[in-house]
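Here the structure comes first, spelled out in structure tokens, and everything after it is commentary.
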Amino acid sequence: MNKQTIRDVAWSGKRALVRVDFNVPLDQARKVTDDTRIRAALPTINYLLEQGASVILMSHLGRPKKKVAEEFRLKPVADHLQSLLDAPVNYIQTTTGAEAEAAAQALQAGQVLLLENTRFDPREESNDPAMAEELAKLGDIYVNDAFGAAHRAHASTEGLAKFLPAVAGFLMEAELAALGKALDDPQRPFVTIIGGAKISDKIGVIENLLGKVDSLLIGGGMANTFLLAQNKAVGASLVEADSVAEAGRLIDEAQGRGVKLLLPSDVVVADAFSAEANTQVLSIDDVPDGWRILDIGPETRQTYSQVVSEAKTVIWNGPMGVFELEPFAAGTRAVAQALADSSAITIIGGGDSVAAIEQMGLAEKMSHISTGGGASLELLEGKVLPGIAALNDK
């Protein structure tokens with residue numbers, strides 16, 4: 001990565017203005033139910049504190065409609081962060097202006113301040129330079145550690161870098177190192193597994209990867225559209241009629257490039273979208289009318305696992321079936337297990353894939369678990385992410 005990081009700065013006595021991604025789920029009682037993203041920022045926060053900086057944190061939470069909404073205040077996140085840090089965590093109900101400036105000025109080395117939800121300000125999402133300039137008054141150096149928001153050109157992710165020296169935090173650095181190395185200089189065979197419901201979300205990703213990978217394994221609802229492009233009957237399965245021609249073109253392109261594009265050879269079908277539905281395992285040539293494909297079958301699971309076992313680099317994004325319903329979780333679990341058993345570099349992106357890995361207790365077995373859904377997809381598409389482009393070059 002040719003961007004400056006927090007290691008390139010002398011922090012003693014400086015105020016670090018850090019964009020983190022604390023967009024975490026809360027329950028009815030407003031308690032954090034999954035703190036993965038908060039924990040992911042701790043190495044950066046702790047390093048800055050150890051180096052003698054004071055730390056001012058900015059994040060969004062949820063999708064407030066560009067105004068204050070009580071249920072999206074960051075107070076529960078501040079409380080949770082305090083339970084994970086020895087340093088005192090202060091929280092204020094504002095993001096910019098006199099109160100924020102006074103709180104930032106008063107902060108001592110070794111202390112933390114969490115600002116209010118950046119998206120309460122309508123100027124955040126329009127990347128208004130006036131908001132970025134107001135935020136810049138709060139710190140000396142800007143640190144972007146919010147990989148999950150790096151694909152958005154907002155005031156706190158991109159605009160701010162025009163007003164302060166801008167460097168990457170450890171999480172941002174790790175994400176770029178893992179995904180960047182896999183895409184630019186992978187150990188081969190390089191295999192990508194793409195799943196999830198919609199092909200339309202991932203056409204750009206597949207397009208970009210066809211120029212890089214040795215094998216592409218496809219599962220989830222999107223596989224149905226590819227199967228339809230091969231004139232397979234898919235019954236009442238989810239398909240994107242608008243994308244069938246596109247899927248056919250990608251199949252041809254893979255062939256032309258010598259990339260192995262694998263689709264399910266057998267599937268788990270059900271007569272309804274329900275955990276209580278009648279199910280059967282059938283060859284892809286035998287899917288009856290009125291039944292829907294909800295998972296890859298055992299033969300496909302074995303084939304995909306075999307390809308993974310021979311790989312040196314694997315990127316997995318998206319589940320193989322409707323993994324939240326128990327009868328259709330086996331495909332996703334098989335892929336997760338194959339990755340855990342593999343000696344390859346394994347990179348997991350996308351919320352559902354990550355959830356499957358976490359649920360099975362296999363997170364420790366993976367080389368890298370990406371915290372950014374949309375951001376990692378756009379990186380896989382070969383796009384330049386505004387939040388990263390804005391950082392100072394080395």
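Please read every residue number as a count from 1 along the shown chain.
Each Cβ is built from the backbone N, Cα and C atoms, and glycine gets one as well.
Keep in mind the model is a prediction, meaning the values are calculated, not measured.
Per Swiss-Prot, ATP is bound by Lys202, Gly350, Gly351, Asp352, Ser353; the candidate from Glu175, Glu324, Glu378 named for the same site is Glu324.
For the substrate site, Swiss-Prot lists Asp21, Phe22, Asn23, Arg37, His60, Leu61, Gly62, Arg63, Arg152; matching the candidates Arg7, Arg119, Arg123 against that entry yields Arg119. With the fewest other Cβ atoms inside 10 Å of its Cβ, the least crowded of the binding-site residues Gly62, Gly350 in this structure is Gly62. A C-beta separation below 8 Å, combined with a sequence spacing of at least six in one chain, links Arg119 (substrate binding site) to His60, Leu61, Gly62, Arg63, Pro64, Lys66, Phe72, Glu125.
Rounded to a whole number, the C-alpha distance linking Glu324 (ATP binding site) with Asn23 (substrate binding site) is 22 angstrom.
Separation of the C-alpha atoms of Ser353 (ATP binding site) and Asn23 (substrate binding site): 18 Å, rounded to the nearest whole number.
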